[in-house]
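As given in Swiss-Prot:
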BINDING   His83, His182  heme b b562 binding site
BINDING   His97, His196  heme b b566 binding site
BINDING   His201  ubiquinone binding site
TRANSMEM  33-53  transmembrane segment
TRANSMEM  77-98  transmembrane segment
TRANSMEM  113-133  transmembrane segment
TRANSMEM  178-198  transmembrane segment
TRANSMEM  226-246  transmembrane segment
TRANSMEM  288-308  transmembrane segment
TRANSMEM  320-340  transmembrane segment
TRANSMEM  347-367  transmembrane segment
Amino acid sequence: MTNIRKSHPLIKIVNHSFIDLPTPPNISAWWNFGSLLGVCLVLQILTGLFLAMHYTSDTMTAFSSVTHICRDVNYGWIIRYMHANGASMFFICLYMHVGRGMYYGSYTFSETWNIGIMLLLTVMATAFMGYVLPWGQMSFWGATVITNLLSAIPYIGTNLVEWIWGGFSVDKATLTRFFAFHFILPFIISALAAVHLLFLHETGSNNPSGITSDSDKIPFHPYYMIKDILGLLMLILMLTLLVLFSPDLLGDPDNYIPANPLNTPPHIKPEWYFLFAYAILRSIPNKLGGVLALMFSILILAIIPIFHTSKQRGMMFRPLSQCLFWLLVADLLTLTWIGGQPVEHPFITIGQLASILYFSTLLVLMPISGIIENRLLKW
């Protein structure tokens, strides 16, 4: 008699993906973030569903409906803060996951990598629209500023912005459609994540050494199931501490003021996880140039495989590239800090230098270091 998990059409898929999956024996904790992202996605969908039961997407009542959730709904405050801070955890895991892919050369799985970029862009769009929904000052002005960037597109820009707004300014139509998209996009993300996994399991996971491990694989369960549960417990601990002790740590105080189109906040800025891209946008004085730099700061990930010059896959045995990678991480942290600062000296100059360093590291320095390391191998 055959085992049901190996013969049943549906359970068989789960078995091949999470139980009997052949996995390299040497993958480190950096490979935990994929499963953590799956957990974050499920958490966001569940908390979001309960929030949507009480939220109203109308400009007159949106702000008070969020207040009502926090004050009057049973455990509404914890659901709201788990959703808001869950997004921060989601992005921490997402950036770690992308960083691991860059460090260990996982971008050589081109289909998996490209679907990952699509996932990143979709999650960013979803998070942006979610930030607009509470209809506080930063929600309103953030939506106005970011959507207005599309007006930089020649010829069709202004019409495109008004089409997205559903009028001549950010108003009821904008809020309603943002809520509709914010509700549907996580399910599209789930479908993309399934395709991401499908392509990954076609090739098998990469590993720290970057060389094939087909001859020496172990089953995912129980070895990596236990390892992933440790990462999951750490994630839950961090999220719980954040939600219960300082739920507003990563938020903006201006968002506790109801949206007022007649009063602009002194510093308009997005959530912390978009600040690096916002800093790159602000560092270019020209509007169209800034928008292009903003787009390219994310889309540059798609051309990383083309600029891979090293004979080795990962950076485990490439000290020059390792130095450049950590320089890039420090640069992104600097950009994140600059994005939250006012537009004045010396922050403008620091932002411009950090933006130049970001693009030059990825497009010039890393390919050159790969060539130098290839030469060093011949010595």
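Along the chain as shown, residues are numbered 1 onward.
Cβ atoms here come from the backbone N, Cα and C positions, even for glycine.
Sorted by the number of other CB atoms within 10 A, the binding-site residues His97, His182, His196, His201 start with His201, the lowest. Counted over residue pairs 6 or more apart, the CB atoms of the transmembrane segment (178-198) and the transmembrane segment (33-53) come under 8 Å in at least three pairs, which marks the two as touching. Considering only the binding-site residues His83, His97, His182, the residue listed as 'ubiquinone binding site' has His97 as its nearest partner by CA-CA distance. A Cβ distance under 8 Å defines the sequence-distant neighbours of the transmembrane segment (288-308), meaning residues of its chain 6+ beyond its ends; these are 98, 102, 105, 107-108, 110, 113-114, 117, 120-121, 124, 149-150, 152-154, 276-278, 280-282, 355, 358-359, 362-363, 366-367, 370.
The separation of His97 (heme b b566 binding site) from His182 (heme b b562 binding site), Cα to Cα, is 23 Å. For the pair formed by His97 (heme b b566 binding site) and His83 (heme b b562 binding site), distance between Cα atoms is given as 21 Å, rounded to the nearest Å. When Cβ atoms from all protein chains are considered, those within 10 Å of His83 (heme b b562 binding site) total 21, not counting its own. Between the alpha carbons (Cα) of His196 (heme b b566 binding site) and His83 (heme b b562 binding site) lies a span of roughly 24 Å.
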